[in-house]
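A.B. asks: First, the structure itself, so that you have it in front of you.
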Amino acid sequence: MDLFIRSNYAGGFYLFGIASSVSIIATKIISSYNWQSLQRYLIFSFVAFIILILTLYDYAFSISALLCIFAALLLHLNGFMLAVLIRDEKIQACFFLQLVQPAVFLTGILLSTWLGYDWAYPYFLSTFIAFFAFIFCSNFNRIYNLLNSKGNAEFSRGLLSYSGLFLTLISSMSFPLFFQLELFFVGELTSLSLGKYTVLQKMYSSVSVALFGGVLVHLYGKDKSGILPLKKVLTLPLITSFVVSCVAIILSFLGDGLSSSTLLLTIFTSYVFSIAMFVTFAMSINNAKVNIYLMVISFLIYLVVFQLLIVDNITIMLGVSLVFYISYILMFVFFYFIKSKFFKEG
């Protein structure tokens, strides 16, 4: 696992730094009914991709690294097609399509136990198969009609500016980019098991994204104001905590070496992160610039805590991550909750 994670540094930074914005960006682009907005997003993504590859040159040109990079590109495309399907309320198709990549990847990982190949191969194959599954289920005429401003002039929100796209892109990639940076810190700056920490990080973050990523796109599609119901923001994350609790129980029975306190902290982190994810979605839609400020300040607090503490076990590292999410939520509450700008009752 450690070898795969290191091979996926470049691909992971693209996936979590650029492609992660696709649900929010796609939602805004589709709602703008403007083809040029999509063209501008593609230009941004391409430029960011080139800069990333040049910056992470040492991590980008092995066979495994290239496979991970191509897989990230395919996942980016899959994310856009998924947003369109959610927009068209093809919920059943979305449910099954989202299972394709993880199911194939998991099968490949299990087979690698006996065959001993690099995880990068099943990772790329799983995204490749999922890509063609999305192609098969997508209606490209529908996508064109959604983005044809002439056919939707009465509903058009106009062309999204480069600055607006840039700010939204930076804002929406904040948490996913943090995940990848944190794995880099754990792998390069600590003596912790990168594999074990990755399992915990993916356990709380992936469950939240899988459960609520599509829900947020659907909610915004129904309510273009981007105002999220307060009760849902506080109660829906409990579902994540329940699912993560079930996974934690399974891990404890498997004897993975993780303490009960670590697993309990992971469950609590899943709840806090889910709330933060709801908040950042609304902020990226409504005020991306302020969200970037909040994220930067939260990350600086995280770095200070990371430097001050002796991070010699996974529980402490997870606690440092929790500081980041709590700092972000508290600053949001301080600046916006009193004004009730992004949340409504109900």
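The backbone N, Cα and C atoms fix where each Cβ goes, glycine too.
TrEMBL entries are annotated by machine, without manual review.
Sharing the record's features from TrEMBL:
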TRANSMEM  12-31  transmembrane segment
TRANSMEM  38-57  transmembrane segment
TRANSMEM  63-86  transmembrane segment
TRANSMEM  93-114  transmembrane segment
TRANSMEM  120-138  transmembrane segment
TRANSMEM  159-179  transmembrane segment
TRANSMEM  199-221  transmembrane segment
TRANSMEM  233-255  transmembrane segment
TRANSMEM  261-283  transmembrane segment
TRANSMEM  290-310  transmembrane segment
TRANSMEM  316-338  transmembrane segment
A.B. asks: Should anything in the same chain at least six residues away from the transmembrane segment (93-114) have a Cβ under 8 Å from its Cβ atoms, list it; otherwise answer none.
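C.D. replies: Distant contacts of the transmembrane segment (93-114): 75, 78, 82, 85-86, 121-123, 125-127, 129-130, 133-134, 137, 210, 214.
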A.B. asks: Check for me, if you would, whether the transmembrane segment (159-179) reaches the transmembrane segment (120-138) - at least 3 Cβ pairs under 8 Å, residues 6 or more apart in sequence.
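C.D. replies: In this chain the transmembrane segment (159-179) does not contact the transmembrane segment (120-138) - fewer than 3 Cβ pairs sit under 8 Å.
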A.B. asks: Do any residues of this chain, six or more beyond the ends of the transmembrane segment (316-338), have a C-beta under 8 angstroms from a C-beta of it, and if so which?
C.D. replies: 178, 182, 186, 190, 192, 197, 200-201, 262, 265-266, 268-269, 272-273, 275-276, 279-280, 283, 290, 294-295, 297-299, 301-302, 305-306, 309-310
